[in-house]
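Asks: One structure, as structure tokens, below. Some questions next.
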Amino acid sequence: MLIPLVQGIRKFAMSAAQKPQIVFVLGAPGSGKGTICKNIVENYKFIHLSAGDLLREEQNTEGSEHGDMIKEYIKLGKIVPVEITCGLLKKAIEKSGASRFLVDGFPRNQNNLDGWEKVMSQCVDVKFVLFLDCSEEVCTERCLNRGAQGSGRTDDNLDSLKKRFNTYSNETMPIIKYYEGKGMVERVDSNRTLPEIFEDIKKIFTPFISQS
Ligand SMILES: Nc1ncnc2c1ncn2[C@@H]1O[C@H](COP(=O)(O)OP(=O)(O)OP(=O)(O)O)[C@@H](O)[C@H]1O
Ligand SMILES: O=c1ccn([C@@H]2O[C@H](COP(=O)(O)O)[C@@H](O)[C@H]2O)c(=O)[nH]1
Ligand SMILES: [Mg+2]
């Protein structure tokens with residue numbers, strides 16, 4: 001599966017006038033990644049790609065060879081192998097043809113990072129990581145509310161949330177630290193109200209857009 005993925009991206013890279021710019025959006029489950037990305041898209045020229053949404057879509061695609069595996073991984077809060085997730089992201093980036101993307105909820109572990117770098121690093125330009133920093137307590141309450149309001153997500157329950165937080169602490173935090181070490185992390189306290197968060201988002205994205 002990895003070989004056609006690499007070939008496809010090379011073809012894409014050759015035809016692109018400029019490398020697409022990528023901002024990774026990371027944070028705990030329920031930290032507000034999807035909500036904040038929606039706000040960014042309303043105010044700045046970005047395409048929002050949620051890795052979780054792409055996986056849920058794939059899971060529900062009739063005849064998908066990965067559907068059952070994705071379903072199981074999501075319920076257990078485990079990270080799906082990068083070949084699948086990166087393949088879906090690559091396809092969405094190519095299809096869109098846009099120049100700026102918010103990649104929400106990826107890379108989530110070392111396997112994701114290695115796979116992304118192997119396949120995408122030559123063809124896209126990762127500008128920075130937006131890190132939505134939010135306490136487990138606040139995040140849990142938000143996800144449980146989202147479940148109670150009928151999200152339909154199989155992982156908006158206490159049992160799955162415990163597992164998702166474990167995965168986040170053990171596997172995703174080291175990736176955020178890795179980017180921090182490279183001076184690439186913009187941290188926003190997302191325990192606060194949306195207007196407060198959006199003020200900080202403006203301070204990050206307005207200069208970024210005017211400089212790039
Ligand atoms: N700052 C906030 N204050 C109050 N509620 C919020 C805030 N940000 C997001 N929410 C709500 O919390 C829930 C989770 O938000 P969202 O879906 O954006 O998080 P997420 O990080 O994408 O979560 P996941 O990782 O589970 O996909 C949603 O119901 C959303 O409306
Ligand atoms: O890169 C990714 C992104 C997500 N997953 C799986 O999906 C769920 C839900 O993701 P959300 O971002 O919360 O929508 C996540 O817990 C993982 O099981 C993944 O494997 N890889
Ligand atoms: Mg989300």
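Every residue gets a Cβ built from N, Cα and C, even glycine.
A TrEMBL annotation is a machine prediction, not a hand-curated record.
Residues or ranges marked as ATP binding site by TrEMBL: Gly30, Ser31, Gly32, Lys33, Gly34, Thr35, Arg146, Arg192. What TrEMBL lists as region 'NMPbind' is 50-80. The ribonucleoside 5'-phosphate binding site annotation in TrEMBL covers Arg56, Lys78, Ile79, Val80, Gly105, Phe106, Pro107, Arg108, Arg153, Arg164. Here TrEMBL flags Asn112 as CMP binding site.
Structural setting of the listed features?
Replies: Within the same chain, no residue at least 6 positions away in sequence has its Cβ under 8 Å from that of Arg192 (ATP binding site).
Within the chain, the region 'NMPbind' (50-80) has long-range Cβ neighbours (under 8 A, six or more residues past its boundaries) at 29, 33-34, 37, 88-89, 92, 103-106, 108-109, 111-112, 153-155, 160-161, 163-167, 171.
A helical conformation is recorded for Arg56 (ribonucleoside 5'-phosphate binding site) in the three-state DSSP classification. The Cβ of Arg56 (ribonucleoside 5'-phosphate binding site) has Ile70, Ile74, Arg153 as same-chain neighbours under 8 Å, each 6 or more residues away in sequence.
Counting only same-chain residues at least 6 apart in sequence, those with a Cβ under 8 Å from the Cβ of Asn112 (CMP binding site) are Ile79, Val82, Thr85, Cys86, Phe106, Ile175.
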Asks: Find, among the binding-site residues listed as Gly32, Gly34, the one whose Cβ has the highest number of other Cβ atoms within 10 Å in the structure shown.
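Replies: That would be Gly32, with the highest Cβ count within 10 Å.
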Asks: Among the binding-site residues Ser31, Thr35, point out the residue whose Cβ has the most other Cβ atoms within 10 Å, with all shown protein chains included in the count.
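Replies: Highest number of other Cβ atoms within 10 Å: Ser31.
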Asks: Could you check which of the binding-site residues Gly30, Lys33, Gly34, Asn112 have their CB within less than 6 A of ligand 3?
Replies: Lys33, Gly34
